[in-house]
Amino acid sequence: MSYQPTPEDKFTFGLWTVGWQGRDPFGDATRGALDPAESVRRLAELGAHGVTFHDDDLIPFGATDSERAEHIKRFRQGLDETGMKVPMATTNLFTHPVFKDGGFTANDRDVRRYAVRKTIRNIDLAVELGAQTYVAWGGREGAESGAAKDVRVALDRMKEAFDLLGEYVTSQGYDTPFAIEPKPNEPRGDILLPTIGHALAFIDGLERPELYGVNPEVGHEQMAGLNFPHGIAQALWAGKLFHIDLNGQSGIKYDQDLRFGPGDLAAAFWLVDLLESAGYEGPRHFDFKPPRTEDFDGVWASAAGCMRNYLILKERAAAFRADPEVQEALRAARLDELAQPTAGDGLQALLPDRSAFEDFDPDAAAARGMAFERLDQLAMDHLLGARG
């Protein structure tokens, strides 16, 4: 298998990823600004399928209408020259100080109204550029102190905002579903809708739940100590995996945004195995930050590494699934039994079946080994390249 990506692999990057200048809470920028059109061209050369953007990535906050038009024109030229797509867009409701207490859930009503209008304006541009999904990350929606935010009321306001956006895209005839991106903390001390499960439960209460799914990020779930492939499996099970952000994270700490692969390599393997075996058809979107130690050569090497690592893991996962010894080990671990309904004939057949309870020997069942370790070692052998 070739590890050279092509547009058919559907690898996409946010403009804010390769465009990150290396500025953090403890240090100034270590790289200059990148023109979005230049990012488009360089990513196309690497084999990417498309780019994504926040409104403020493409158009500086506060730009005049004429300046806005010029930025969009230059970006379009880059797309037209390269054939790159814009599968997703989102709104920056976190950088400007006006959003210090959030956008959709700010205590200040004027800020909430502005946040909804800012989002609507960028939805129009996203649709114009061909975006098929609109992501919403509420990085400032939360609190640092208990009395500062009535969470139940804040969730009312969050629901109201998403219902307004759903009403807007429906009224405009846009086929642009929303993907809510969970995160437990950072930049706020605690963020609303912190995990995939919280977001899925919230979506059920919206007026048009069919318009909303999730955009989980590797590092965000791992910051909460959760198993990311398990979370993705539940999102797929619910039919709500509308988009995904791929990166790397080493344990429960700040959001590292490593390139995809480093961090928890085993979790990355199981994630790729899941996405490919489940037939996920959406973009493989990288949301990472090239380390501030790197110059621009390092930026492009980091982006290329994201795609290469995915393709290597895809190859290893396919080999794992095709291995006859693995298939036998899966049967020994009773995965085929898990796929069988527990009571296929229903409750009325289960209740009188003495083999299910009265004649069941729990000690004998407890003595049966599950053979999980052998299966897991076969997976590790494939991941580490010890099997063909």
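Cβ atoms are placed via backbone N, Cα and C, with glycine included.
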Discussion item. Suppose a student reads Swiss-Prot and sees Glu181, Glu217, Asp287 listed for Co(2+) 1. Which of Asp150, Asp156, Asp245, Asp257 should they find annotated at that same site?
Written reply: Asp245
Practice prompt. Determine, for the Co(2+) 2 site, the additional residues of the same chain whose CB lies within 8 Å of the mean position of the CB atoms of Glu217, His220, Asp255, Asp257; present them in sequence order.
Written response: Lys183, Val218, Gly219, Met223, Asp245, Asn247, Gln249, Gln256, Asp287
Worksheet item: Which chain-mates of Glu217 (Co(2+) 1 binding site) that are at least 6 residues away have a CB under 8 A from its CB, listed by sequence?
Response: Glu181, Pro182, Lys183, Ile244, Asp245, Leu246, Asn247, Asp287
Worksheet item: Once Glu181, Glu217, Asp245, Asp287 are set aside, which residues in the chain still have Cβ within 8 Å of the Cβ centroid of the Co(2+) 1 site?
Response: Val135, Trp137, Asn215, Pro216, Val218, Gly219, His220, Ile244, Leu246, Asn247, His285
Fill in: For the recorded positions Asp57, Asp255, Asp257, Asp287, the one whose C-beta sees the most other C-beta atoms within 10 angstroms
Asp287
Discussion item. Just to verify a number: CA distance, Asp257 (Co(2+) 2 binding site) to His54 (active site), in angstrom, no decimals.
Written reply: 17
